[in-house]
Structures are given as C-alpha cells and as structure tokens.
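Some notes on the structure that comes next.
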Amino acid sequence: MADLKQLMDNEVLMAFTSYATIILAKMMFLSSATAFQRLTNKVFANPEDCAGFGKGENAKKFLRTDEKVERVRRAHLNDLENIVPFLGIGLLYSLSGPDLSTALIHFRIFVGARIYHTIAYLTPLPQPNRGLAFFVGYGVTLSMAYRLLRSRLYL
C-alpha cells in the first residue's frame, strides 16, 4: 500500500488534484450563482424560503419559477452529471500510473470543456456550442475509463 509521501510524489495525482479543485470551485460558483439569482429575482422553490418577503398569500407570489434562475440551476445540475464521474474515474486513472503528458491532456481538455459549457449555458450561446462542450468533456471521461480498464483490468 502506498504511503502518503508516495502519493504526494505522484505528479499525475497532483495534477488531477489541481484540476479537480478548479472544476469543483467552478461548480461551487454555480451553486452561489443560483442562490444569487433566486435572491435578486425573489424567486424561491420552497414556501419557507419566502417567509422573509411576506406572509400567507403575499409570500406565495415568490414561490414560482424564473428563466434566469432555472438556466443557472440547469447548468449546475449538468455539472453534477459530468463532474462526479470525472472525479471518480479521474482519481482511479491517476492512480493507475498513466503518462503525465497524456493525463494532463485529459484533465485540461475536460476542465476547458466544462468551463466553456458553463459560459455557453449562461450567456446563452447558440447550439451546438453547449452540446459540443458537453460531448468533449464526456468523451474525455470515457477515454480515461477506457484507458484505465484496458491497462489495469486487462479487458
């Protein structure tokens, strides 16, 4: 079993950790952006969240949907669908001993695609911008999974 010093000396794992931190910070930004949009547009999903803006029927008018809020929320949900698999597969891939330059290409393309996807979603840019960014990031995760299965699980 590798000790902590060996793990910290693993350049691929350290690169993965750096890019994972960037992408998780971006995802946290979207969470904050959703809350910001809800507060500035006075749009809430739960009745108890409206309590500070009125009572009874008056509070219910804040219990609605808004396109700006929903757009940011959908971008955040899309991040959850893509970043979680990247984190799991990327960690296993990093520990499998891949070439540093190949791993960096995977990590950089994924992070770039996800940042571009967020820009394309929030701006909004016309399709196929968002779709291409999604599939590029998804393809990177599939590529890492394939390389991991091929090299370490002997499939």
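The first residue you see is number 1, and the count goes up from there.
Keep in mind that glycine also has a Cβ here, set from the backbone N, Cα and C atoms.
The annotation glutathione binding site is assigned in Swiss-Prot to Arg38, Arg73, Arg74, His76, Glu81, Tyr121. Annotation for Arg74 (glutathione binding site): spatial neighbours Tyr121, criterion Cβ-Cβ under 8 Å with sequence separation of six or more.
As annotated by Swiss-Prot, N6-acetyllysine applies to Lys42 (among others), with the evidence given as similarity to another entry. Lys42 (N6-acetyllysine) falls within neither a helix nor a strand when secondary structure is assigned with DSSP, and so counts as coil. Cβ contacts within 10 Å of Lys42 (N6-acetyllysine), excluding its own Cβ and spanning all protein chains shown: 14.
Annotated N6-acetyllysine per Swiss-Prot: Lys55 (among others), in sequence order, evidence recorded as similarity to another entry.
Residues or ranges marked as N6-acetyllysine by Swiss-Prot on the basis of similarity to another entry: Lys60 (among others).
Long-range C-beta contacts of Tyr93 (3'-nitrotyrosine), restricted to its own chain and to partners at least six residues apart, with a cutoff below 8 Å, comprise Phe16, Ala103, His106, Met144, Ala145, Arg147, Leu148. In the three-state DSSP scheme, Tyr93 (3'-nitrotyrosine) falls into the helix class. Here Swiss-Prot flags Tyr93 as 3'-nitrotyrosine.
The site 'Activates the enzyme when modified in vitro' annotation in Swiss-Prot covers Cys50, and the record cites experimental evidence as its basis.
Among the features that Swiss-Prot reports, topological domain 'Lumenal' is placed at 3-9 (among others), with the record citing experimental evidence. Mean model confidence for the topological domain 'Lumenal' (3-9) is a pLDDT of 67.
Marked as topological domain 'Cytoplasmic' by Swiss-Prot on the basis of experimental evidence: 34-62 (among others).
Beyond the topological domain 'Cytoplasmic' (124-128), the same-chain residues lying 6 or more positions past its ends with a Cβ under 8 Å from any Cβ of the stretch are 71. According to Swiss-Prot, the topological domain 'Cytoplasmic' annotation covers 124-128 (among others).
The topological domain 'Lumenal' feature in Swiss-Prot is assigned to 149-155 (among others); the stated evidence is experimental evidence.
According to Swiss-Prot, the transmembrane segment annotation covers 10-33 (among others).
As annotated by Swiss-Prot, transmembrane segment applies to 63-96 (among others), with the evidence given as sequence analysis.
Sequence-distant contacts of the transmembrane segment (100-123) (same chain, at least 6 residues past either end, Cβ-Cβ under 8 Å): 11-12, 15-16, 19, 22-23, 26, 30, 33, 71-72, 74-75, 78-79, 82-83, 86, 90, 93-94, 129-130, 133-134, 136-137, 140-141, 143-144, 147. For 100-123 (among others), the entry in Swiss-Prot reads transmembrane segment, with the evidence type sequence analysis.
Feature annotation from Swiss-Prot assigns transmembrane segment to 129-148 (among others); the stated evidence is sequence analysis. Sequence-distant neighbours of the transmembrane segment (129-148) (same chain, 6+ residues past either end, Cβ-Cβ under 8 Å): 78, 82, 85-86, 89-90, 92-93, 96, 98, 102, 106, 109-110, 113-114, 116-117, 120-121.
Within the chain carrying the transmembrane segment (10-33), a Cβ under 8 angstroms from the stretch's Cβ atoms is held by residues 72, 75-76, 79-80, 83, 86-87, 90-91, 93-95, 97-98, 100, 103-104, 107-108, 110-111, 114-115, 118, 122, all 6 or more beyond its ends. Sequence-distant contacts of the transmembrane segment (63-96) (same chain, at least 6 residues past either end, Cβ-Cβ under 8 Å): 10, 12-13, 15-16, 19-20, 23-24, 26-27, 30-31, 33-34, 37-38, 41, 43-47, 50, 103, 106-107, 110, 114, 117-118, 121-122, 124, 134, 137-138, 140-141, 144-145, 147-148, 151-152.
For the binding site of glutathione, formed by Arg38, Arg73, Arg74, His76, Glu81, Tyr121 according to the record, the largest Cα to Cα distance is 22 Å, rounded to a whole number.
The shortest Cα-Cα distance from Lys42 (N6-acetyllysine) to any of the binding-site residues (Arg73, His76, Glu81) is found for Arg73. According to DSSP, the secondary structure content of the topological domain 'Cytoplasmic' (124-128) in residues is 0 helix, 0 strand, 5 coil.
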